[in-house]
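Heads up, the thing below is written out as structure tokens.
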């Protein structure tokens with residue numbers, strides 16, 4: 001029995017369509033820069049916000065109307081929920097989905113029962129994947145909700161908690177492999193500290209690295225060849241998280257000899273909380289060879305927390321796709337909608353409106369970014385801005401042919417620097433508007 005009887009499979013109808021249950025910009029088979037939109041985006045829908053979010057907040061209970069969910073933490077309810085999830089995935093033409101272990105299956109009375117619960121729901125997930133063709137983008141373990149993780153998981157001061165976390169990730173890796181997951185994500189929501197008075201940061205970082213090495217070793221032992229990803233976030237729920245931004249993560253990975261095994265899953269709202277733009281985080285990760293996937297959402301600049309709103313801003317999606325195209329795409333990663341409908345958007349149909357809007361925004365962002373790249377206008381401006389490095393003293397500096405003594409001699413002879421040129425920021429911002437207008 002269908003959970004969404006009034007919703008057809010969402011189709012592309014073009015920019016002039018007034019149908020709210022149609023794509024205006026996302027045409028899966030349209031080829032952009034030699035790849036289809038579907039292959040550029042690899043759209044993914046998250047299980048947690050979409051099927052476990054209730055609309056609850058600190059000031060009131062949930063508002064979401066979900067007729068298929070009886071509200072129980074039973075395996076049977078979880079299995080029923082899984083069938084409904086795949087109806088939504090297929091009607092949105094989303095090729096991927098993503099989960100935390102506790103999203104898809106309830107925690108049991110003990111670890112053995114918890115594992116059995118996950119296996120029972122994985123049976124249904126596997127059946128649904130085979131029936132629909134929808135694939136698992138990535139799995140991960142929820143090591144932040146249960147009170148046992150109050151001090152962290154891999155960074156906990158309690159060695160038993162580290163051990164429990166290891167057992168949980170072991171199982172999550174096994175199920176991710178079973179379901180053909182193409183990546184595995186670590187997000188350290190509790191991996192950090194509230195106060196340094198009671199914290200041995202060095203020991204915690206060492207433990208975190210040891211945990212990741214254990215994950216790499218176990219993945220090899222079971223033949224899981226998916227990409228490991230770390231998702232940066234500076235705070236919330238912890239005051240200071242160790243995976244605070246792309247730079248901190250890449251430094252950590254290099255310091256502990258993990259950089260050949262891990263890339264980054266960059267989220268827009270997390271970049272905002274870290275005081276960065278999404279463009280910055282993507283460019284930095286790409287420069288360092290660490291761009292693996294993205295969590296697509298947006299935050300509210302007037303609020304100081306992770307609001308996980310659906311992305312509908314063409315400037316944001318254009319900037320995001322400019323960086324993804326610049327760095328050669330996202331490989332086995334995807335554009336994963338880690339976003340939730342607002343508390344006031346409580347009806348099932350709102351799930352479709354939200355995802356259609358996000359998918360369309362990214363599709364148009366891709367087209368705009370491709371148009372900017374095809375014209376060469378932005379690239380030529382940047383190249384010309386750095387032209388003094390292409391010859392003369394600039395080329396010698398980059399080639400390592402001169403040191404401070406030679407630089408001093410050069411300037412003593414020259415007398416003063418050549419005049420600087422304008423950065424033309426306003427011109428470039430207006431230029432980007434031109435492409436947004438024309439696509």
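Numbering starts at 1 and runs along the chain as displayed.
Glycine residues also receive a Cβ, built from the backbone N, Cα and C atoms like all the rest.
Source: prediction; values computed, not measured.
Positions annotated as active site by Swiss-Prot, on the basis of sequence analysis: 100, 103. If you look up Swiss-Prot, you'll see 231, 267, 295, 338 marked as Mg(2+) 1 binding site. Positions annotated as Mg(2+) 2 binding site by Swiss-Prot, on the basis of sequence analysis: 267, 270, 306, 308.
Within 10 Å of residue 338 (Mg(2+) 1 binding site), as judged by C-alpha distances, no recorded positions are found among 100, 103, 270, 306. Around residue 267 (Mg(2+) 1 binding site), the same-chain residues at least 6 positions away in sequence with a Cβ under 8 Å from its Cβ are 231, 232, 233, 294, 295, 297, 338. Here the recorded positions are 100, 270, and the one whose Cβ sees the fewest other Cβ atoms within 10 Å is 100. Note: the CA-CA distance between residue 306 (Mg(2+) 2 binding site) and residue 100 (active site) rounds to 18 Å. With the fewest other C-beta atoms within 10 Å around its C-beta, 306 stands out among the binding-site residues 231, 295, 306, 308, 338. Summarising the environment of residue 103 (active site), the number of other Cβ atoms within 10 Å of its Cβ, over all protein chains shown, is 22.
Each residue contributes its Cα atom, and for residue 103 (active site) and residue 308 (Mg(2+) 2 binding site) those atoms are 17 Å apart. Excluding 231, 267, 295, 338 themselves, the residues of that chain whose CB lies within 8 A of the CB mean position for the Mg(2+) 1 site are, in sequence, 187, 233, 265, 266, 268, 269, 270, 294, 296, 297, 336. Between the CA atoms of residue 308 (Mg(2+) 2 binding site) and residue 100 (active site) there is a gap of 17 Å, rounded to the nearest whole number. Within 8 A of the CB centroid of the Mg(2+) 2 site residues 267, 270, 306, 308, the other residues of that chain are 233, 268, 269, 272, 273, 295, 297, 299, 307, 338. Annotated pair residue 270 (Mg(2+) 2 binding site) and residue 100 (active site), C-alpha to C-alpha distance, rounded: 18 Å.
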